[in-house]
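So that you can see what the record holds, here are the features copied from TrEMBL:
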DOMAIN    14-142  domain 'GTP-binding protein TrmE N-terminal'
BINDING   ARG30, GLU103, LYS142, LYS501  (6S)-5-formyl-5,6,7,8-tetrahydrofolate binding site
DOMAIN    145-498  domain 'MnmE helical'
DOMAIN    240-363  domain 'G'
BINDING   ASN248, THR267, ILE269, THR272  K(+) binding site
BINDING   248-253, 267-273, 292-295  GTP binding site
BINDING   SER252, THR273  Mg(2+) binding site
Amino acid sequence: MKRKYGLSSNFDSIFALASTSQRSAIHLHRVSGRNLFEIISKYVYKPSNQNENLNIDLLLQKSNGKAISHYVYLKDQNLNLIDDVMITFFPAPKSYTGEDIIEIGVHGNPLISAKLQSLLRSIGMRDAEPGEFTQRAVLNGKMDLAQAEGINQLIHTETLGGIQLARNTVEGVLSKETELIRDQLISMLSYLEAHIDFAPDEVGDYNPSSLLPQMEEAKSKLEALLNTYSTGLKVREGVKVALLGKPNAGKSSLYNALLRYERAIVTNIPGTTRDVLEDRLVIQNKDFVLIDTAGIRNTTDTVEKIGVERSLKTASIADIICFIINLENIEYEKISDVIKFEIKAFLSEAKLSKDQKILIVISKKDLLNEKIIKNIENIFKSCISEFRTEPFGFCLDSNIVVTSTENTDLLSKHLVILHEELTGMLTKNENPALISMRQKNKVEIAIKCIDDAVNLIKQRDFPEKISSIINHARQSLQEIVGEIHLDNVLEKIFSTFCIGK
Ligand SMILES: Nc1nc2c(ncn2[C@@H]2O[C@H](COP(=O)(O)OP(=O)(O)OP(=O)(O)O)[C@@H](O)[C@H]2O)c(=O)[nH]1
Ligand SMILES: [Mg+2]
């Protein structure tokens, strides 16, 4: 049967163990190359008659060129049995790489895998480099470079959010968005090129300022795309939630309660926590990194002092600060002053930035009287206007949460809301997101080029110059999805892949 092979068909056949190499139920080996089925057919035997080869060609004809799986006996050149295996044939071009692919599932013993691999080597195949299967898929037009990066992230990401972003990229959401912006640039280029090549009576008067609105639009789309990188990092790595406050506020107790196990040491001695603790936390499929810190106070204790410095450092890198206030044993009339004093002291010490969120959490609810619990929201509302004038007081969430360690549902709910505010639509819809530094750099170059082009237009510079710089922006966007001519760039990208992918 004649099959179409892609660009990479001049390459040799490659193989790799695509699953774990540890002892396990199955070891899955993957082979990709040209005319693979013919080569391998000599070693594949029918289980019903172990002296008769399986007629792969006939099977593929019956399946109309679709992938087929078979239970077979695999023997080496000396007719020694390697293993009874499940083998799947994926004919070119409808395979992952665009070449013929064979997947062989042997019993998951490293010795059996070694026997299979030595057979493959002895018949002229070689061990694949990391990511080489996907590289061939890109070369054969099965996917673009951005999608390939999505595949790599799908495997490496450690969060549910990361999986969703990677999935969107694999589905081509980012590729489509860059294509749309690139098309806009191409339409500007065609206007400029027309005026370079033709006289005004043929193509109308030359008025490059007419391109400015389109340029603004392309730039704002690119800037929105650029922002998805840092937001995407929050989604992928988890939104950082730091529990901060004075000693004994109940930070470590809430840390344990949210994690649902006794991770941090809790005592009634103020200054118990000295170091920063970090753990992953998932609430309603949202990924967080929960951080417990040492209580902030003036202290002469050397170790505690270092702990406090670390707490303040953590405050500066957290996405959400849960500022914990303990109102245990505070008279009702003094509550407002205590809240104001603690928040002001914190805001004056911590170095915050405008995109952080602060949620005020009143701890030890079970120790507070009903009057406090009932009126705390109103008391807080009357305080909050004062904080607006404080540096970074505007980061304060206008909500206040009263919680005990017994029931943290309300606190969790607020964390989910703040997560959504920080990550926006990125986790909700199939929105494009930049998922690698490489992609981010390409978008930054395109934005810079558009800025330069706008300046050239305003200075009434030559259309050739404007065109050349817009073309550079177009090329940079093109490189997000592919069209990279430098082999070393490709090599760098695929070197971070797993072997067998
Ligand atoms: N009744 C009650 N006690 C609590 C609650 N949360 C914390 N506590 C108690 O408050 C004390 C201090 O709790 P921690 O969680 O260690 O406080 P912390 O803020 O981590 O303190 P440092 O590590 O010293 O900064 C402990 O005795 C806890 O048992 C709560 O919701 N209810
Ligand atoms: Mg603690």
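For all residues, glycine too, the Cβ spot is worked out from N, Cα and C.
Just so you know, TrEMBL annotations are computer predictions that nobody has curated.
Considering other CB atoms within 10 Å as the measure, the emptiest surroundings among the binding-site residues ASN248, SER252, THR267, THR273 are those of THR267. Closeness to ligand 1 is met by SER252, these being the binding-site residues among ARG30, GLU103, LYS142, SER252, LYS501 whose Cβ falls under 6 Å from the molecule.
Close contacts with ligand 2, defined as a Cβ under 6 Å from any of its atoms, occur at LYS251, SER252, THR272, THR273 among the binding-site residues ARG30, ASN248, LYS251, SER252, THR272, THR273. Counting other C-beta atoms within 10 Å of each candidate's C-beta, the binding-site residues LYS251, ALA294 are led by LYS251. Put simply, ARG30 ((6S)-5-formyl-5,6,7,8-tetrahydrofolate binding site) is 50 Å from LYS251 (GTP binding site) when counted between their Cα atoms. Counting only the Cα atoms, the space from LYS501 ((6S)-5-formyl-5,6,7,8-tetrahydrofolate binding site) to SER252 (Mg(2+) binding site) is about 42 angstrom.
Excluding the listed site residues ASN248, THR267, ILE269, THR272, the same chain places PRO247, VAL266, ASN268, PRO270, GLY271 with Cβ atoms within 8 Å of the centre of the K(+) site Cβ atoms. The binding-site residues considered are ARG30, LYS142, LYS501; of these, LYS142 has the fewest other C-beta atoms within 10 angstroms of its C-beta. Look at the domain 'GTP-binding protein TrmE N-terminal' (14-142): DSSP puts its residues at 36 helix, 43 strand, 50 coil. For GLU103 ((6S)-5-formyl-5,6,7,8-tetrahydrofolate binding site), the nearest of the binding-site residues ASN248, ILE269, THR273 in terms of C-alpha separation is THR273. LYS142 ((6S)-5-formyl-5,6,7,8-tetrahydrofolate binding site) sits 58 Å from ASN248 (K(+) binding site), taking the Cα positions as reference.
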